[in-house]
Amino acid sequence: MNNYFNKLTFIQKIKHLGQCRLMKKNEFSDGVRALLSKKIVIIGCGSQGLNQGLNMRDSGLNITYALRRDSIINQSQSYIRAMKYGFSVGTYDELIPEADFVINLIPDKYHESLIQKIEPLMKYKAVLGYSHGFHIVEIGVKIRQDITVIMVAPKCPGTEVRQEYQRGFGVPALIAVHEENNAYGTGMELAKSWACSIGSNKAGVLESSFVAEVKSDLMGEQTVLCGMLQVGSIFCFDKMVEDGLDSGYAGKLVQNGWEVITEALKQGGITLMMDRLSNVSKLRAFELSDQLKNILTPVFEKHMEDILDGSFSKNMMLDWINKDCKLLSYRQNNSQLLFEKAPVYCETILEQTYFDHGVLMVAIIKASVELAFDIMVKSGIKPESAYYESLHELPLIANTIARKRLYEMNMVISDTAEYGNYLFSDFVLPLLKKEFVPYLKRGDLDLSHVNNIVHIDNILLRDINEMIRTHPIEKVGVQLRSYMKDMVSLSF
């Protein structure tokens, strides 16, 4: 595929993929000063557009929304949202020519046509912002040289961007300046100011590149973040129902279980998550995790290869041309899942029960997080970026499932993430049912094994604990989580 990334030399590709630096807190001492006097126009009022705009306004910035003329006339959902929260709204022709800083927060599929419309309207030396670099990297359209192009990519859905800000904190973000569009050398200061305005400076910011953000983001969302949560939800629910468990209980265990289990992941990595299990369950989860890795490694590697060479993007863009035929078909099929239709279970499930009854769910998380991290790092992506795109974002995506199951997750994430998620889960789910089910035991999704007398091999337990603690993702996780010590814990 002839895109920006594929036009780079091999050395340039390695450089861009490996661009990653954890920024120091004192680098953000100027706060939002660089943007205080700017007229900022956000295009798009979806999940990221609305919630970033709310944070930026609360940080003292001047925010308006530019929408298509027909969206205003017909009072689209974006128009209704912007008006509900008291923002000024105008057309592209009305707002873009006066804007100092234009932030493009519409879905990836519309970026190319949008830039064709707004670039002639943008004033000399204006700034163009993205929160995902797909248009720059995968399509590769050149932006006018006098325009500075920057990115702030929060590592979570838009709803969580707002919630963490309202808690007085923020979410980690990757920031970058497109090296072909930084003629005046102001891009980084503006990107830092933008990051401060949404609260990311409080949670950890990586200085990255458009390439590293796009390739790691696509890999994370397709595999561990959305793909495996979807596969795991369907697989675990179906298995419990097949084993005779009440469908309401099974639905609640899965729906809320990801959030409860990954809260431990957020606070203390895989080590803490595994420590919430009994010794018997920990040994079993470790064993199941290894089996999953053996089955899934070729699949994860294939997704990474397709992302790097552009095959994934090419096929998705063909679906755009075909009016999202595949995406809409996947979406319809997903709405008919038994898990999505499971009855509400009204009785309380205690926090520890989610761990005790969800050994398989813990194993799925461990396997997919470590596998995605390892493959990204092998591909040239730095451990810090790989951590944010695997372990860190997982609890934030799990929170969406806890609200309204897979429907909520797929509604909140981008169309790009949703398409990749379906592509992954459509292949992996039958694979696991064929190759992984034979390894399962009754106790992997209930407590039946706990009452059995099991001899614990102390040496084996010691060695497994050591392997868990010394995995590279645990080492980088300790450093990155230190920036998030003010993060509020969820209670269940």
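Heads up, the Cβ atoms here are built off N, Cα and C, so glycines get one too.
Taken from Swiss-Prot as is:
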DOMAIN    17-208  domain 'KARI N-terminal Rossmann'
BINDING   CYS45, GLY46, SER47, GLN48, ARG68, SER76, SER78, GLY158  NADP(+) binding site
ACT_SITE  HIS132  active site
DOMAIN    209-344  domain 'KARI C-terminal knotted 1'
BINDING   ASP217, GLU389, GLU393  Mg(2+) 2 binding site
BINDING   ASP217, GLU221  Mg(2+) 1 binding site
DOMAIN    345-487  domain 'KARI C-terminal knotted 2'
BINDING   SER414  substrate binding site
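Comparing local CB density within 10 A for the binding-site residues CYS45, SER78, GLY158, the maximum falls on CYS45.
In this structure, the C-alpha atom of GLU389 (Mg(2+) 2 binding site) lies 7 angstrom from that of GLU221 (Mg(2+) 1 binding site). When the binding-site residues ASP217, GLU221, GLU393, SER414 are compared by Cα distance to SER76 (NADP(+) binding site), the shortest distance belongs to SER414. Cα of ARG68 (NADP(+) binding site) to Cα of SER414 (substrate binding site): a span of 20 Å. Here the domain 'KARI N-terminal Rossmann' (17-208) has a mean pLDDT of 96 out of 100. Within 8 Å of the centroid defined by the CB atoms of ASP217, GLU389, GLU393, the record's Mg(2+) 2 site, lie the Cβ atoms of LYS155, SER216, MET219, GLY220, GLU221, LEU225, TYR388, SER390, HIS392, excluding the listed residues themselves. Across the structure, SER78 (NADP(+) binding site) and ASP217 (Mg(2+) 2 binding site) place their CA atoms 25 angstrom apart.
Within the same chain, residues at least 6 positions away in sequence whose Cβ sits under 8 Å from that of ASP217 (Mg(2+) 2 binding site) are HIS132, ALA153, GLU389. Its Cβ placed at the centre, GLU389 (Mg(2+) 2 binding site) has 28 other Cβ atoms within 10 Å. With the fewest other C-beta atoms within 10 Å around its C-beta, SER47 stands out among the binding-site residues SER47, GLN48, SER414. A sphere of 10 angstroms centred on the C-beta of ARG68 (NADP(+) binding site) encloses 18 other C-beta atoms. Secondary structure of the domain 'KARI C-terminal knotted 2' (345-487) per DSSP, as helix, strand and coil residue counts: 110 helix, 0 strand, 33 coil. In the domain 'KARI C-terminal knotted 1' (209-344), helix, strand and coil residues by DSSP number 118 helix, 0 strand, 18 coil.
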